[in-house]
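Peer 1: Handing you this structure, nothing more for now.
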Amino acid sequence: MKISGCVEEIINNKNSLSNILAEEAITQIKKGRVNKPNVVWIEGTGCSGNTISLLNANYPDVIYLLNNMINLKFSNSLMTCDGEKAYEIFLETIKEEFILVVEGAISTRENGLFNVIASYKGKKITALEVVKISGYKAKHVIAVGTCASFGGVSKANPNPSESKSAKEILGRDVINLPGCPCHPDWIIGTLAYLITNDGIELDDEGRPLLFYGFTIHDFCPRRTYFNNRIFAQNVGEPYCMFRLGCRGPVTRTDCPTRRWNSGVNWPIGDNTPCIGCANAYFPDGMEPFIRT
Amino acid sequence: MEDICKLKEDLERILERIKELYSMEFLTLCPLGKEHYKNMIIDSIDQAYLKLEETLNILRQNEGKRELKEFTLEELANFDGRNGKPAYVAVNGTVYDVTLIASWGGGSHFGVLAGKDVTEEYNKCHENENKLSKLEVVGKLKGSNL
């Protein structure tokens, strides 16, 4: 899909885009043209915020996703199995074709021992090991959230756990879905697109153009205030917050049109500047979040 | 400078005249009168065009001669982009205005704050890029050899 195509998709469909993609994927699955993909969701050094965000999906919701679109074989937080049995399912799954989803950065200190995610036959299994053994075999690797995509909060200075992004660990093509947390529509939309297509068009930082093709500034409802140089002096004023340190001009997401919490609101709509949570330099490079 | 002031007065006078003529053209009921005022408006616009051309010529001649304001580091520190103040940074002795540059929201840029000499940071991150030509020069740093 070309960029001009993306413009049309985003402007015309706004927050229903992921639903359209999901419906298309499910139709293809029902017709037997494609199979429901196995998905392995690994949580590394993070806060599980992306899992929580996924559970907040509503268009389509997460039950619909799990029942109709994907076989979520392994997820630290969501699967019912635990202990060695859960890890055995992971080992079985990676023998077949699967999509790997990485949430959180990967701690590399002490050979990954700062982030142990399983215990198998008396051995501690680290997130680093799990990502390495599954990452090279996976059909696609999706890094969900800023930590997995670029290191994010986990990699912030002084980075005591020596965390790295999924791409730094694997050195292969990774689809980055940054955001702190990642919007559920971006996750479901990307999964749906990958079910019906061989790949997805990415920008130079590995982000799908479908969701990350524009800066927040491009579609900001307060853009006319910026153009007319009417700036807020303090947080809470209904004008452009660029002079307060808004990172909208350097952050690529579709937050202004998609919005959060089922499309209810988003940071600028709630009178706080964008802090650039989907930016590759978040959080160190985006500070100070508010400058008055 | 005196020339510019005289040109400014002339332009203001012509603008007033055009406004009057527009009113006259609107109020008159005679078609010939309307045509007459329209012609007068066009004449006035021609006059304004010549004055504008003259103004631009003078500005172009003085472009290279403009004296750059000198900033000490203490003075520069005032322009940090906070509380509605402009955001200036110094690179290699030249002071640039970054107030409305997209990546300088609130006078901060990927952890670098405005109101300082940021030569070191600039060379570290943009060594082989020419980012400075797009910025407006507002002065030079005191003591620099520019």
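Placed from the backbone N, Cα and C atoms, the Cβ positions cover glycine too.
Keep in mind it's a predicted model, so treat the numbers as computed, not measured.
Pulled the feature table from TrEMBL, pasting it below:
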BINDING   A:Cys47, A:Cys147, A:Cys180  [4Fe-4S] cluster 1 binding site
DOMAIN    A:47-194  domain 'NADH:ubiquinone oxidoreductase-like 20kDa subunit'
DOMAIN    A:212-289  domain 'Cytochrome-c3 hydrogenase C-terminal'
BINDING   A:His217, A:Cys220, A:Cys240, A:Cys246  [4Fe-4S] cluster 2 binding site
BINDING   A:Cys255, A:Cys274, A:Cys277  [3Fe-4S] cluster binding site
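Locate each feature and note its surroundings.
Peer 2: Within the same chain, residues at least 6 positions away in sequence whose Cβ sits under 8 Å from that of A:Cys180 ([4Fe-4S] cluster 1 binding site) are A:Gly49, A:Gly145, A:Thr146, A:Cys147, A:Gly152, A:Val153, A:Cys277, A:Ala278, A:Phe282.
When the domain 'Cytochrome-c3 hydrogenase C-terminal' (A:212-289) is classified with DSSP, helix, strand and coil residues number 27 helix, 6 strand, 45 coil.
Its Cβ taken as reference, A:Cys240 ([4Fe-4S] cluster 2 binding site) is surrounded by 24 other Cβ atoms within 10 Å in the chains shown.
Every protein chain shown contributes to the tally, and the Cβ of A:Cys274 ([3Fe-4S] cluster binding site) ends up with 29 other Cβ atoms within 10 Å.
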Peer 1: Rounded to a whole angstrom, what is the C-alpha distance between A:Cys47 ([4Fe-4S] cluster 1 binding site) and A:Cys274 ([3Fe-4S] cluster binding site)?
Peer 2: 21
Peer 1: List, in sequence order, the residues of the same chain other than A:His217, A:Cys220, A:Cys240, A:Cys246 whose Cβ lies within 8 Å of the centroid of the Cβ atoms of the recorded [4Fe-4S] cluster 2 site.
Peer 2: A:Ile216, A:Arg222, A:Arg223, A:Tyr225, A:Phe226, A:Met241, A:Phe242, A:Gly248, A:Pro249, A:Ile268, A:Cys274
Peer 1: Could you give the Cα-Cα distance between A:Cys246 ([4Fe-4S] cluster 2 binding site) and A:Cys255 ([3Fe-4S] cluster binding site), in whole Å?
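Peer 2: That comes out at 14 Å between the alpha carbons.
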Peer 1: Have a look around A:Cys47 ([4Fe-4S] cluster 1 binding site) and count the other CB atoms within 10 A of its CB, chains all included.
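Peer 2: A:Cys47 ([4Fe-4S] cluster 1 binding site) is surrounded by 17 other Cβ atoms within 10 Å.
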Peer 1: Give the distance between the Cα atoms of A:Cys255 ([3Fe-4S] cluster binding site) and A:Cys220 ([4Fe-4S] cluster 2 binding site), rounded to the nearest whole Å.
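Peer 2: Taking the Cα atoms only, A:Cys255 ([3Fe-4S] cluster binding site) lies 9 Å from A:Cys220 ([4Fe-4S] cluster 2 binding site).
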Peer 1: Across the domain 'NADH:ubiquinone oxidoreductase-like 20kDa subunit' (A:47-194), what are the DSSP residue counts per state (helix, strand, coil)?
Peer 2: 64 helix, 35 strand, 49 coil
Peer 1: I'm trying to understand the geometry here, so how far is the Cα atom of A:Cys274 ([3Fe-4S] cluster binding site) from the Cα atom of A:His217 ([4Fe-4S] cluster 2 binding site), in Å to the nearest whole number?
Peer 2: 10
